Amino acid sequence: MALLQTSLIWAVYAIVVAILAAVASVFIYTYQTPRDRCPSVILTCIVAVTTLLATVLLVPVDVALVSSTINPALGRRQDWATQSEVDRILLCLKIVYYFLYSLDALLCLIVIPFIYFLYEEYDEVASETEQQSFGQRFWAAFKYTVSFLAIVVVLFLVGFFVPVAKDGDGGGLDYFKHLLTENRGERALTFALGLLITIGLCLYVLYTSTGLALFPITLIKEGPSVISPTLKATTAVQLCSNRERQRQLEGRCRGNPGLLSSKDRRELDTLVREERTLIRRQRLADEAHGKHQNWLMQLWLKFGAIFRPFQLLSGVIFSLLALIIWISMLLTTIDKAKNSFCKQRCGYILGHINVFNPINWVFVQSAKIFPVDYVIFTLLVLFLFSSSIVGISAVGIRFLWIRIFQIRKGHTSPQALLLATAMLMLIILALNYSTSMILAPQYATYGPQTFCDRELSFSEKQPDCSRDKHLIRPCSEVADSLAAKQVCTPSVVSTFLNRVTMNFPFFGAIFFWAQFAFLGIYLLVMVTALLHSPKLDERQLDEDAEEAEEESLLANTRGRAETTWEDITSRLRRQNEVDRAGA
């Protein structure tokens, strides 16, 4: 029974990971620019996003496995759940967690920078003329990546030595063996993870809070777009007025622009440029309305119009969900600030829940019927992940106030896609902490586990509360009952995250106070978005129209060049055949 139950839990996790790979692929293919597709960049981004989401969504599996050892109705362990069996489950989970966390760090700090530099080193002309080989690109990218490799080594060395600073002889091999037996290697990974979560929290506070406020509102208050009939009519009127003014100027000079004054010539040149822009804008609007499009695109546009009311409904639902998330985070942070038994000394760890948290309650109740809690947790994580993407799209990739890259659907360069993926990886690490320790702390620590709070008689191996249901209590971290210590098993993720804040209290303080910054920015952005009416970015629209026109011209030129090349090669082939026949 135990083997079947654990196998089913892992099977559900495998299905979820496959779904995550599909979600990551859709995200990457939606945002990348079609003109600059790079297979190595696409594959790296998909693997990175899938791995991080798989790390976060291991939490319900962790909770389900440790909770499966308990009979919550009786507050005692299952008959098969011996201590050795529980230790085996925990060891398996630890191996998976350490593998995923190490892979996350490797992808974020080594692989993504390497692929970024590898793409930057690519020179299309030099590659076609065989002046640049793949080995040269690889070596140049590796030289730039060495600095990131050094950062990783320094991170692990700091985490390896700082917690166990000792005097005396510590430079030999025996000392390293002693550190490993004391599990200092695990502390090094803990320090590296704590630092990455700290960096991720800065991005999480800025981007996820912004996206959490904007995502539902953009679904409800959809701004004017190129599909708007009003914009199409306005463009037609502007184009008509422009051409009328051009005719007036051309009539004044009778077709000879040299007869015009310098002021009129400048006006005519401006009108000609404006006419080209308006024509491109009109063509883009026609394509958005399905004109000159294939039947599949026209069908998609019709479906979009039909499902517009459902978009409004989903916006309202997401707004309520975002508000519940905000309230749950606020309640937990207040609870931690008031009732944490160790305050800043251990990162405001909460012994047990003192304030009702709606999201935590939903997860604890749904965890009694696996995989209901897994479905809800997955939807919550994907909602926060989508909010992070919306936040990055709205704010852009910036250095201080300078926008370096813009993230837009169908217009994101490979470099921007790699940077956005690295940012999302760090954000998801911070999200792992927030969902486990802030949104649903009781669920992520013990799930639905309970224990029988009564004295153990000499003839009993476990307390029996079958007749005393009122003595069955939920497990908590400060339960001082001997029965609780024998029965309750904390999840691996809660143990690992609490170890970060216990061993390095400054990380815990940053993690805690960053939540208040998140709540404040969300409130500010939400109020601003409600009061501000969305406007159409005409400059961006004109750039999109110009880019589409360039793409069309390049495609036509490429087609003509290929046709010409085929004609030349076929002519040479026929000439060679004639020469051979004559010979």
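Glycine is treated like the rest: Cβ placed from N, Cα and C.
Swiss-Prot lists 8-28 (among others) with the feature transmembrane segment, giving sequence analysis as the kind of evidence.
Distant neighbours of the transmembrane segment (41-61): 9-10, 12-13, 16-17, 20-21, 23-25, 27-29, 32, 93, 96-97, 100-101, 103-104, 107-108, 111-112, 115, 119, 367, 370-371, 373-374, 377-378, 381, 385, 414, 417-418, 421-422, 424-425, 428-429, 431-432, 435-436, 444, 491, 493; these residues of the same chain sit at least 6 beyond its ends, with a Cβ under 8 Å from one of its Cβ atoms. What Swiss-Prot lists as transmembrane segment is 41-61 (among others).
Feature annotation from Swiss-Prot assigns transmembrane segment to 95-115 (among others); the stated evidence is sequence analysis.
Here Swiss-Prot flags 145-165 (among others) as transmembrane segment, drawing on sequence analysis.
According to Swiss-Prot, the transmembrane segment annotation covers 188-208 (among others), on the basis of sequence analysis.
Here Swiss-Prot flags 312-332 (among others) as transmembrane segment.
Long-range contacts of the transmembrane segment (347-367) within the same chain: residues 60, 63-64, 67, 324-325, 327-328, 331-332, 334-341, 373, 376-377, 380, 439-443, 447-448, 474, 476-479, 498, 500-502, 505, 507-509, 511-512, each at least 6 residues beyond the stretch ends and with a Cβ under 8 Å from a Cβ of the stretch. For 347-367 (among others), the entry in Swiss-Prot reads transmembrane segment, with the evidence type sequence analysis.
Here Swiss-Prot flags 375-395 (among others) as transmembrane segment, drawing on sequence analysis.
The annotation transmembrane segment is assigned in Swiss-Prot to 418-438 (among others).
For 506-526 (among others), the entry in Swiss-Prot reads transmembrane segment. Here the transmembrane segment (506-526) has Cβ contacts under 8 Å with residues 194-195, 197-198, 201-202, 204-206, 208-210, 212-214, 217, 322, 326, 329-330, 333, 336-337, 344, 346-349, 433-434, 437-438, 500 of the same chain, all six or more residues outside its ends.
Taken from Swiss-Prot, the feature compositional bias 'Acidic residues' covers 541-552.
Positions annotated as region 'Disordered' by Swiss-Prot: 541-562.
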Looking at 8-28, 95-115, 418-438, which one has the highest count of Cβ pairs under 8 angstroms to the transmembrane segment (188-208)?
-> 418-438
